[in-house]
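Single-structure report; data block below.
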Amino acid sequence: MTEFSPREIVSELDRYIVGHAEAKKAVAVALRNRWRRRRVPADLRDEVTPKNILLIGPTGVGKTEIARRLAKLAQAPFLKVEATKFTEVGYVGRDVDQIVRDLVESALAMVREKRRAAVKAKAEGGAEERILDALTGPGSTAARESFRKKLRAGELDDKEVELQLADTGGPSFDIPGQPGAAVFNLSDMMKSLGGGRTKTHKTTVSGAWAPLIAEESDKLLDQEALTQEALELAENHGIVFLDEIDKVASSSQRSGADVSREGVQRDLLPLIEGTTVSTKYGPVKTDHILFIASGAFHVAKPSDLLPELQGRLPIRVELKGLSRDDMRRILTEPEANLIRQHQALMATEEVTLVFTDEAIDALADAAVAVNGSVENIGARRLQTVMEKVVEEISFTAADRGGETVTIDAAYVQERVGALAANADLSRFIL
C-alpha cells in the first residue's frame, strides 16, 4: 500500500493529467485515508468506512485516466470495470458479485508476485537444476558441472530443451446456480485432488527460465497463507473504479424496456454498502473496499440514479470540459504527451519531427473547433486531429531517413483546416 501524502499523489497525477485539481484532491484524500485507517485504534478501525466518490464530467476530460494512474500509484488491488457489463441477477450476463471475485484475483496476483520475488534466488537454483536435468539427464556429475558453467555464461541460451511443466490451461466451465463458483478450472480441481497434471513443453533454454522460476517459486510458497493475505488485502485496501455508471441510470425521458438497468443499481447497493461475497478462495467482506464511480451523464442526470445509491457515493466531484488552453497544455505538458510520442515514433525511422509553437496552437484550435461543431469528445479529439496531420509523414518516413521535418501552422491548416471548418466533413473524417 502506498504511503504518499495527498500532496505527493496530486503532484504525481499532475505529471500525466492536465487540470482537474478538485478531482485529484478527492482521490488523493480517499487514498490517504486508507493509510490513516490502518493507524487508527483497533476499536475504531471497523467503524471507519471509505467515503466513495462519484466523478461527473463530459467524455474525454480524464476521468478514466485518473483511475489508470491511480492504479499504478496505489500499489493496492485495483479493478476498473464498466457498469454496462453487468446485468441484474436472473438475466443472462455477469452479476455484480463478479467485481469482488476479480478484485480478489488481482490481489492474489499482487501477493504472489511479491512472495515470488522474496524466494527468487532459491527458485533460480531449482530452475537451474531442472534445466541441467533436461540437458544432461539426472546422473553424470562431470558433464553436469561443465554444462552448468556454460549455462551460467549464457552459451546454451539457444539450445532447445524438453521440459515437464504443470498444466494450467485446462478447460473452464460455469456451474449454474452456484454462488461464488462463477468459473471452475479443471486443472485447479485435479490439483486439489492431489493429481496435478503435467505437460511436455519444447522451448529454448532462455525461454525456459521464466516458467521454471515461477513453478519453483510456487513450490516454495505457502499457498494457504498467500490466499489469506490476498483476501485481507482485497478487503482492506481494494479499490474498484466503476466506469460508465450513468449508462445504468434510467433517464426520466427514456421509456420502454429497461432490461435490468435499475436492477444493476439495486445489486450494486449492498456491494457498495458492505456485504459478504463468496469466492472460490473464501468469503470477502466489502465494507472497506473503496468504490470510485464515474460517468459523463449526458442523457441521464446523477439524480436519476437510485436515491440509495446516491447516498452511498457521498463525495461528488465535477470535472469541467476542456478549454482551448487545456488542449494546448495536454499536447505539451504530460510526460508522455502526443507530440513526444509521435517524435519518438519518427525517430525510429531516423526522421526528426519538429512542431513549432504556432503548429501546437493550430492543433488545439482545430480540436476545439471540431468538438464545438460536431460531438464533444474532449481530449480524444486531439488524437484524431494529430493522426490526420502526421499521416503523410508517417507514410513516407521509411524513405526519408536523416531528414528533419518541421510542422508549422500552415501545414496543420493545410491538413485539417478545411475539414475542421466544414461540419459535414468533420462529422465523417475527424
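Placed from the backbone N, Cα and C atoms, the Cβ positions cover glycine too.
Residues or ranges marked as ATP binding site by Swiss-Prot: Val18, Gly60, Val61, Gly62, Lys63, Thr64, Glu65, Asp243, Glu308, Arg380.
Features as recorded by Swiss-Prot, highlighted on the structure.
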residue: Val18; record: ATP binding site; DSSP class: coil
residue: Val61; record: ATP binding site; DSSP class: coil
residue: Glu308; record: ATP binding site; DSSP class: helix
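Here the Cβ of Val61 (ATP binding site) has 26 other Cβ atoms within 10 Å, regardless of which shown protein chain they belong to.
For Val18 (ATP binding site), the number of other Cβ atoms no farther than 10 Å from its own Cβ, over all displayed protein chains, is 21.
The Cβ of Glu65 (ATP binding site) has 17 neighbouring Cβ atoms from other residues within 10 Å, across all protein chains displayed. Cβ neighbour count for Lys63 (ATP binding site) (all protein chains, 10 Å cutoff from its Cβ): 26.
Here the binding residues for ATP are Val18, Gly60, Val61, Gly62, Lys63, Thr64, Glu65, Asp243, Glu308, Arg380. Their largest Cα to Cα distance works out to 33 Å.
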